[in-house]
Amino acid sequence: MLNLQYPDPLYSLACQLLLLHEHLGLIVLVVCAGNEMAERMAYFGLSVNMVAFMFYIMHQPFADSANAVNIFLGISQASSVLGGFLADAYLGRYWTIAIFTTIYLAGLTGITLCASMSVFLPNQEHCDQLSLLLGNCEQAKPWQMLYLNAVLYITGFGAAGIRPCVSSFGADQFDERSKDYKSHLDRFFNFFYLSVTIGAIIAFTAVVYIQMQRGWGAAFGSLAIAMGVSNLLFFIGTPLYRHRLPGGSPLTRVAQVLVGAFRKRKKPFSSSELVGLYEVPGKRSSIKGSGKIPHTDDFRCLDKAALRLKEDGDDPSPWVLCTVTQVEEVKILLKLLPIPACTIMLNIVLTEYLTLSVQQAYTLNTHMGQLKLPVTCMPVFPGISIFLLLSLYYTIFVPLSRRITGHPNGASQLQRVGIGLAVSILSVGWAALFEKYRRGYAIDHGYESIFLTPMPDLSAYWLLIQYCLIGIAEVFCIVGLLEFLYQESPDAMRSVGSAYAAVAGGLGCFAATIMNSIIKSVTGDSSKGKPSWLSQNINTGRFDYFYWFLTGLSVINFCVFIYVARRYKYRSTPEQVVEKGEQKGLNMVVNPLGGT
């Protein structure tokens, strides 16, 4: 417990509240996880339903609908850099979450209005399934699509402040000086991703059920209500939170290092004018919310920004002379980049599954006994596999892997990322094998031209293998990556570090959209009547070739990751984390009602 100085006579009350903080901490973490669960419920609810809404209600071509949703997914993740920057630089994580969850709620409300009010929708008369396939239905007016895209992208922009901050804000609630800090952090990130998975399961089941029974307005409205309740609980928990002070603009500090290093690029380290590498005296860093970072020999060219020369004077500008800690922050950000970059391929596969697997499912029998499962519910199975794996993670995987690796947590963070990438290769490889069989079956049994008619003798549950494998891959890769980025990021840049994972997801969405466009243009020729690999008629297309293409890219990506991971050196040991926490305790702001 920190030795906090409260003004008398509040000291006694403050001490009692601090003692209660350990018990209240669980409530705080549940609120944070609930906020992310609501955001992911909306994210997955829109991703799986919006394509169908644009196709069946707004009468947009399927490919255009899928691309619009992929852009939404990309914006919601890539814009996380902005949210992370604002949180670390000016607002702090609490206010960033508060502002952007409100924006998110406004976007969901706008989507609900679009689906509920006929003025925003095209004429639905004389539009049956055949008319849809032939493109004879009245399309939405340009201003109607402009409104829908605007509120959709506002919703995506709202995720910018949630995605990079909620996991870091929840992890901030742990005392870094505790001897159990590492194990608590590991369990938190698993619990956090479990909440993400629950949100996805609800989106793929309950929201789909509401849409089928009550319509599109009720389905999107349920997402808005869930987000509103989550926001209310988040604000109610305000007195309990532990806050970290924003450390100033991280981009400014990065720019100062780059400018300083460039200015002194011709100054040798052995110069007679050299005074030494500059660092402020004492135990505390000059950066709010950050402890001092020891000097390393990586990226030696950047060290020149911290070269103190006689010509610098007694009080040099930070654009001329930077501290060692400031230089090391930039080094850490550069060293971290290759790891999340290697997860872009996994995010491409996840994005493709959201649309391609649904198209596959439309041609298959989705009956489970007497129960017919809606096609849009199929993506729930990766969520179920994630839920089961996270539930059994500490009782089965950790003890078994601990015997093999000797690691206290079963596997290191990078090992878990590697396991996830390896399993994703198996998933997409199986997808290619099954699609080859499915397509051949459809052609042999006369279903080649009727691609929206399910084949009664071929079950959709063969897709469960690729779904479950990709769910396992996601658990190991994304959870390991989130924990790795939080642990290894500079203390005052943890929101930016966490944003790396979201940006990798966003780039995966954008890359999937670009890849689809290239594949369609290269493999198809409409003038000759040659369908592309990704033809809207899945039975005349070659989805199997596309899956094999993704498999090859995934193998190459995995090899690159192995090379990068073997060269990476972890920044902190558990003992160093405890020692570092003693320094950083001085940089935490006290919430007078809840603790540090």
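Glycine is treated like the rest: Cβ placed from N, Cα and C.
According to TrEMBL, the transmembrane segment annotation covers 12-34, 41-59, 71-91, 98-121, 150-171, 216-236, 332-353, 373-396, 417-434, 461-486, 498-519, 545-565 (among others).
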Inset, instruction - Please work out whether the transmembrane segment (461-486) lies in contact with the transmembrane segment (373-396), by counting C-beta pairs under 8 angstroms that are 6 or more apart in sequence and asking whether there are at least 3. - result: yes
Legend entry - Listed stretch, out of 98-121, 150-171, 216-236, 373-396, 545-565, that has the most CB pairs under 8 angstroms to the transmembrane segment (498-519): 150-171
Inset, instruction - Mind checking which residues of the chain, 6+ beyond the ends of the transmembrane segment (71-91), have their Cβ under 8 Å from one of its Cβ atoms? - result: 43, 46-47, 50, 99-100, 152-153, 155-165, 168, 246-252, 351, 492-499, 502-510, 513
Inset, instruction - Tally Cβ pairs under 8 Å between the transmembrane segment (98-121) and each listed stretch (41-59, 216-236, 373-396, 417-434, 545-565), then give the stretch with the top tally. - result: 216-236
Legend entry - Within-chain partners of the transmembrane segment (150-171) [C-beta distance under 8 Å, separation at least 6 from its ends]: 28-29, 32-33, 35-36, 39, 42-43, 46, 50, 68, 71-77, 79-84, 86-87, 93-94, 96-97, 99-108, 110-111, 113-114, 185, 188-189, 192, 241, 482, 486, 494-499, 502
Inset, instruction - May I ask which of the stretches 41-59, 373-396, 417-434, 545-565 has the most CB pairs under 8 A with the transmembrane segment (216-236)? - result: 41-59
Legend entry - For the transmembrane segment (373-396): best-contacting stretch of 41-59, 417-434, 545-565, by Cβ pairs under 8 Å: 41-59
Inset, instruction - Mind checking which residues of the chain, 6+ beyond the ends of the transmembrane segment (41-59), have their Cβ under 8 Å from one of its Cβ atoms? - result: 65-66, 68-69, 72-73, 76, 104, 108, 111, 115, 121-122, 124, 127, 132, 137-140, 144-145, 148, 152, 155, 159, 199-200, 202-204, 207-208, 211, 216, 219-220, 223-224, 226-227, 354-355, 358, 376, 379
Inset, instruction - Six or more residues out from either end of the transmembrane segment (417-434), which same-chain residues have a Cβ under 8 Å from its Cβ atoms? - result: 339, 342-343, 345-346, 349, 353, 357, 411, 462-463, 465-466, 469-470, 472-478, 480-481, 484, 544, 547-548, 550-551, 554-555, 557-558, 561-562, 565
Legend entry - Same-chain residues near the transmembrane segment (545-565), Cβ under 8 Å, at least 6 residues beyond its ends: 338-339, 342, 344-346, 348-349, 352, 356, 414, 417-418, 421-422, 424-425, 428-429, 431-432, 435, 519, 523, 533-534
